[in-house]
Structures are given as C-alpha cells and as structure tokens.
C-alpha cells in the first residue's frame, strides 16, 4: 500500500471557506479579515468585544522527552481537536506558526502530518499572513533606530561594547551569527560586533505571544533593554522612541489567524516563540480568543513536558491567568524504546524489556504534570510496527501510575483515530478534579525558582553556577526583577543538561551558565548549555528539492 | 481654511469592497484572492486566461527633473486615472508598491496625496500583501545557500573575495551597508566582507518586475550571478539550486495587487524596483494584466523623464513588448522656478523671468519623449500660490514646442481636477499618431548605447570612462551580453551627473565609473556617480512620531 505524502494529503483536502469555519465558532463573516478563501485574521473589534463571555476549557498537549524517533505532539493536537468535534464537542485548537527558515533546511513544514494536519499547508508553512515578517521588521527597526541614535551623537551615551540587541532574519543562515557592522567609513557609523538570530528567537516574538492587548504589547516593547550606557544604566526601546512604530508594524499581525484542520474544524495558528530562550507556546491572544469561542481548546507547548509544559504553566498560564484543566502526554512506543537504550535502526523490532526501561521517562513526565495540579492522560501515538505486547506494557505502566493511556491512530485515520482519546480528555476536563497551580510563587527568590525547577522537574540534586552567574541572580533580584518567572534554556533531549542521558536521570546537577533578562517578555532566561539562536543549513538542504512543478504546485516542501 | 492631512483624507475615504472594484474590470469575485475587504491579488489562473484579449492603451506619466519643490507624479497618475473614469472611460492605474524602510525615515508614505490617493493607505505603506517581504526572503535564501555551499566544502570553488551577491532588508539601516560575516569560529563559516542593500535595490525585485510569468521568473532567477570562481567563471543561482525555492517563495507575491483610488477606481500596485540601479517601474505582470482588463492604463516611472521614462521605454517596454501611446509630463510652476535659479524659500513669489529660464528643463524632456515616438501632454500640477502669468508662460512655452499643456487640480479636487487632462490624453491615445520606438536597437554595441543615451537624452557631448571600465564594456560585449539594454544609475537631480546643474545643461560629459551585470534582470547598470543602495535614517526619524493613537489608529505615518 502506498502511503501518500503529507503534502499530497493536504492538497487533496476539501477545504471549506474560512467564513464557514468561523461560523462554527459563531464568528460573523465581517469579523474575519481574510487572506484568500481559507485563511483569516479575526478583526480586533470583534476580539475586544468577547471579554464578558465565559471561557471554555483549556487542554495542553505535551510529550515525553523527544528522540529522533518522533512523538507527534502537533499531530496529536490536531487529531484530538478533530476527535472532540467528532464526538459532538465545540472544540478549537491553538498551534504555533511555523518558521520559514527551517523549511529550507532539514525539517520541512510544521503543520501536522498524515491525516492530522492544518491547511492550507503551503501558505501556513511559507509566508502565511506575514506575522513573522512583521515581527522581524519591528525587531530590526529597533536595531536601526539604535545604531542611528549612536550615529547622530549618541545622546543617551550608549556603550557600543554593551549593545545586546541583535538583528533577526527568518532564515537558517549561520554566516550571520557573528558579524561586524558599520564598516566602510564615517558615513556608515561606528563599527561594532553584532549578529543575527532567527526571527522566532526574537524577544519581540516572545512579547507578541505574551501580550494581552495592543496597549500591553506597546508597553512591553518599550521595556525591552537593548544595551547599557557607559555608566551601566539600561537603555530601553522606549528611550529610543521605538515602541510606537514597532507596535504599528505589529498591529495587524497581532490578531489571531484562523485556519482549519483536514476535517474542517477551526484551528488558530498564531505566534511561534523559540522553546529554549523563550516559552515556546502560541500567542496568549489566540488562546484567550479561542477560549471565548469554543467549549474545549487544545493547545501544545514546545519540546518535552520538562521544558514545554513547565513554561506553558509557569510563564504563559501564570501571566495570562489561564487555568488548564487537562493535559495529554504524547508518547510513542518507538521513542520509549529509545529511552530504554534501543538504537534508531533497531526500533522496528519488538523489545518489551527496553520499552519498560524507557517508561521511566514517561513516568517522570506524568509525575511532573501532576505537580501543576493538572490531570493527565497518556496518548500513545501508534505506529504500524508497534507490537501489542508493547502497547499493553505502556497501558499497564500508566495504570500503575494512576493515569489512563489511550492508543491513537489519528495520523492514519484522522479524528476518528482520536475519538477515544477525546472522550478521556472530556472526562478529565469535565470531572473538575484539576486544580491548576504554578510550580513556584512569584515572590520566591530567583535562585530558588531555578532550584525548584531543577529538582522538582528535572530530577536534579542541585543547581550550580559560577560566582559571576550567581551575582547575576543577585543583581536581577535586587534590580526589581525578582518576581519574574525563570525560562530555562537547556537541551530538550534529556531531563538533565546532557543530551545523551535518556530515560529519567537522577542525581545530576544543573549548571547555569548565564542569566539573561527579557524585560519586555517579563522572564529571565537561565542558560544551561549551548543554545543556538541562528540555525544553519545542512550539506544538502531541503531547498535543493523545493520548486514549482509543471502545474505550478509546490513540490519538495515536505 | 484648514487642509486635512493625507492620512485624514485617506481615512475618511468611502472604500468599496475590492470585489466591486474588480467587477468594474470584469474580474469575477472568485478570481480575487483577498487580503481583507479592500485589497486583493488576482488569481494566477484568471490572469493566465486573459492572453487572447485585446490590449488597452498604455499611458506613461513622467516628470521634469525633480527638485525639492516636488512635482506630483504619483498624484497625477491617480488623478488622471480618476479623471478618465469620470469622463466615462474604463481606466485603471498601475503604481509601484511603497518600500517599508523609508516610511520610518524622512519621506513617509508613497500612495499619492491630497484627494489623489490609493487606499487603504496604511496597509499599502506598511506590509501590504507581503510582496517585499517575499522578495527579501527569496534574496536572502540565495545568500544563505551561497554561504552554506562554501561552508560545506565549496565544490563550485567560489572565490569568497569575489562574491557580489549581498543581503537585503526592507529597512533604512546604514550600519548594515558594510559588514564582515561568518565571524566566531569554524562553526560559523569563512569570514568575508559583505553588506546589506534595501530590498527594493535587489536584483530579485528587478526580475520580479520584468518577468512575464512564473516560468520566466524562475529562469531569470536562475541566471543571477552571485560571484565568480577562483578561475573567474561566473557562479549563478541555478548552480546553487536556488532558483526553485526562490520561485516558490515568490509564487503568491507575483500576482498583481488590486486596490482602489479615493474615487473607487481600480489601481494595481505591484512591484517597486529602485529607479537607479534598476528600471524603476511597476511590474510587467500588473501592467499587462491591466491592459487586458481596461481600455486605458495609466502608469508612472521613477525620477524625471531622463531616467524614468528612458528606462520605461528602453527596458520595460522593449522587454515586455509594450507600446505606449501617450505620455504625460508633469511639471509644477514651483519646480520650474527652481530650475530657473529660485531658492526654495522664495518659491511663493511670482517670478515669470526665472520660470521662463527654468522651462528649458521641461523643453528638453518634451523633446526627449518625442524621440521615443510617443506623443505627450504637459500636466501642470497646480499649487495655490501659482500666479496666472506663470501658468500662462508655461502654456505658451508648450504651445511653441508643439505640445499641449493642461493645468490640473487633482490634489485639491480629485479626478474632477484632472478631467481636462484626461480628455487631452484620450485625444492623443485615440489619435493614433504615436509610433513607439526604443532609443536604440538591441544590436547596437554597449558603449554606443551608453553614448546614445548620454547625448540624445542628457544633452551631453560624450561619455568618458577609465580604461578598466571601458574594458568592462568590451568584456560584457564579448561575453554575450551585448544585446542587453543599459540601465543608467546617476543623480536624478540633473540631466548631467552633477546634481547642482539645474535646467537643461549642455556640453557636459558623462563619466561612467563601473558597468554591472544584472544577468537575471537582463540589463547592464552603468554607474555614473555615487549610488546609495542602503539609505540611512535622519537625526530625527519619522519613526519617532509614529504610533497608535488611543483609538488604535496609526498616527504620524505621513
């Protein structure tokens, strides 16, 4: 049997006009600012008017620690949304927007897969509604205003050695990681070291995804710290009068995007901050809007639950006042076997012993989600080669740990393959047993917040850092940022900071290398390892195979 | 009497749904890919199906040599389009898209002014339909693929000292003019000199505006030369397999954008290449589409007629097989007085003597347009302070030179102020007396082409160049590019290469500093002076005043 590719499935989709999708949520046609027949932004006036409605129920889809075997968090989010609609619930999903740059590298698109996708996939993966371009423009306008200020006399006395605001581009381009700017003589300014990050790594992206409204957006943008003066005082975007024009550039982008799943159910795809130096969730704007319009809202968070779910709960939910009532932890037999020590090439063979070993990883994620007071169900994203004994072993393990497990086949079967999962999720969501709480309170000192995450979530014994880094914690604590949450940047491939440590490592220590302030996004990034904020392209980039075919259709994108 | 600002006029406009605007041209609603209610792209299938229809009549709006007093080429294009519609003609206009970067510098928007504007002005001036972002992405993908190729072994043996393909950003950012990339160690590649141009200066933009269809677009993109090998062989985008993904990134942008004038008449706003290192006209795609849909199509070209009209005729019309039947030369009494030696602060005073002196500038533009076999009318874009005697003097001068002049008040009165101009244009267009011809044939040698432009259009005695530059002419002539037209990059403020020489200077010589090949755009750029491909921001940038007001409306943009 030949399996159609994701793009073939997507192209064969019978999309409905976006006004019909909006109508399922009671959105009037004139509140949709459409981008062609199948994509729309919600008009700001309409969104502003939703404030008094009751909220629907928020469900998080997260996952075990990722492996090269894949887990399927996005496909499960899509499948669960479709499954909920199939069992008669008014449900919507909230996803992150894909980044353009990586499409030309290794990974292809990011709009789900198989029969659990959002469409139109080509547009969503390419420029979509231009949100990321707007975010890049706003970011780079601040950069230009900063260097322009220095050029014309530097009235603020900015120390050009201490400029921390880099530039961005939505492209995998390693050549731009480290650059020297303003070369070529007096007319071009004062040379200094600089560099580019990929647009999704911009603090503007994090702010965009956390801001409650345009006013909050402008205020947060104004608080961005771009560098320091010679006398070590922070210089903000507001000092450079950049907050106004940046907000103008983001005004339209800020409205949530509405598209549909392959089964014509509503999907909000909006915002996409990096999951390491930012919090890795779709926009608060989209999530809150969806909650006003649907009874059940399913959303996802980047990486495994140690990073994604923790930040979703401790940053996004804390800041936006969201109260998730259920969580889905996605696992695959293949990935669990990898956590149990099986090499990728041997994943096709039944190996219950290795699987059982790997289940420790799932177990810790189950426990962790429980620490936030949110009831969970495990979704086993089934692959064809999975053996019954293996599936059974996962189910037994979950039962022992007090959660239900559900085998899902949404990749092959669409929403029908996630109906049972949907029923279990509804039972949890409607059961009223979740009592969401953050892991730590705002007033816990910064160093203690970091230690709490490391010990409670990562299973570490302690946190360590050089004196210089510990001093940073003290400085930010004293400087008025002690109430901010911590956003950990560490490898997503292990609970520890060593990507080779699979399963559920214990007795490790978490070294913090640096603490960075994101004053506009309102969190502190604890850097615990190498973090890459500008990817490169591989030797044979995906771009090589991307072109229009003779019918003008995109080929090679996935 | 208080005069409303452009943005106030624009915001008070009673816009009609873009489907109604399309219907005026017989475009079915399902052929419009809308971006909100008032902006649409034409579907490619619809455009492809227009091939057999007869073409409407093409009218160029050009101008005298620009001065700080302003001429009003875009407002005249808009006013004439509205005037034609008012006198019962089926007319459309074709404009260039504004660039985002300059909005935050000095000039504000570029969508007309007064009661002769295209709307919705805020969107058109900000991200619009994302075309320039797509062009920037395509350009920078080629840059990334180039450095990535070098990084992974440089199989093509590209000489990193001879890479000519820079990067782009739609921002006025002088700090990016000259940079060194790939710093920071082995993982970031091989450091080399590089720089950024503003997106409108990209060869991708020029190609986008000259390509006939997506196939032609891909072929031209593939021919872009990015640098040379160690053995001095050109390396193309196709060698880097960049043509396919670049075309994919541009696929949607390539379709013409439809908006409306303040009087609800159709306006295509598409493409915007720099008028110095490129040809400065809107896209061939939009112009050809408009000609299939309207009986009269009015378009403009950048700068004065010596640059804009010459390139429109010799590059765009030649390459696209267009046959313009009439030209409008826009002049103002104020600008003519400046050409006659009056300082800007004295323009408010009647000065017929200076005006008469300045008319030599207009006279040469009239003669020049005649060299292309196109009949012209002079549009006097009236300002309140213009004296009757001054207007009369312009009219008399034009009559002596065999062309009609028409005073227009479209800025204050909209299309009603350009009805008489519209009647004169129709008389020329329908008279059948224009016999369009290019200034030189394809097979004239490159150096002779340059000399022909300089002597016939600029009034120069000759062209000079160093041996090195003359050798470039010989090399490109021998290298198979002898049939390309010449695209002159020189100051727009004088017929000569000295911006201080107003009026109609003679006996000057034109020094060519460099000849650059744009192999994909299919022209050679003769650089005759400093050309700036990345603007800077002024000491007090327009950005400082741009923000959302308390109603969420953009203020300070214009």
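Cβ atoms here come from the backbone N, Cα and C positions, even for glycine.
Curation does not apply to TrEMBL; its annotations are automatic.
Feature annotations, reproduced from TrEMBL:
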- A:67, A:68, A:69, A:70, A:71, A:72, A:73, A:74: ATP binding site (BINDING)
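Distribution of TrEMBL features across the structure.
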{"residue": "A:67", "record": "ATP binding site", "Cβ contacts under 8 Å, 6 or more apart": "A:334, A:335, A:338, A:339, A:493, A:502"}
{"residue": "A:68", "record": "ATP binding site", "Cβ contacts under 8 Å, 6 or more apart": "A:338, A:344"}
{"residue": "A:69", "record": "ATP binding site", "Cβ contacts under 8 Å, 6 or more apart": "A:332, A:334, A:335, A:337, A:338, A:344, A:347"}
{"residue": "A:70", "record": "ATP binding site", "Cβ contacts under 8 Å, 6 or more apart": "A:332, A:334, A:335"}
{"residue": "A:71", "record": "ATP binding site", "Cβ contacts under 8 Å, 6 or more apart": "A:63, A:64, A:330, A:331, A:332, A:335, A:381"}
{"residue": "A:72", "record": "ATP binding site", "Cβ contacts under 8 Å, 6 or more apart": "A:63, A:113, A:330, A:332, A:381, A:411"}
{"residue": "A:73", "record": "ATP binding site", "Cβ contacts under 8 Å, 6 or more apart": "A:61, A:62, A:63, A:300, A:330"}
{"residue": "A:74", "record": "ATP binding site", "Cβ contacts under 8 Å, 6 or more apart": "A:95, A:110, A:111, A:112, A:113, A:116, A:300"}
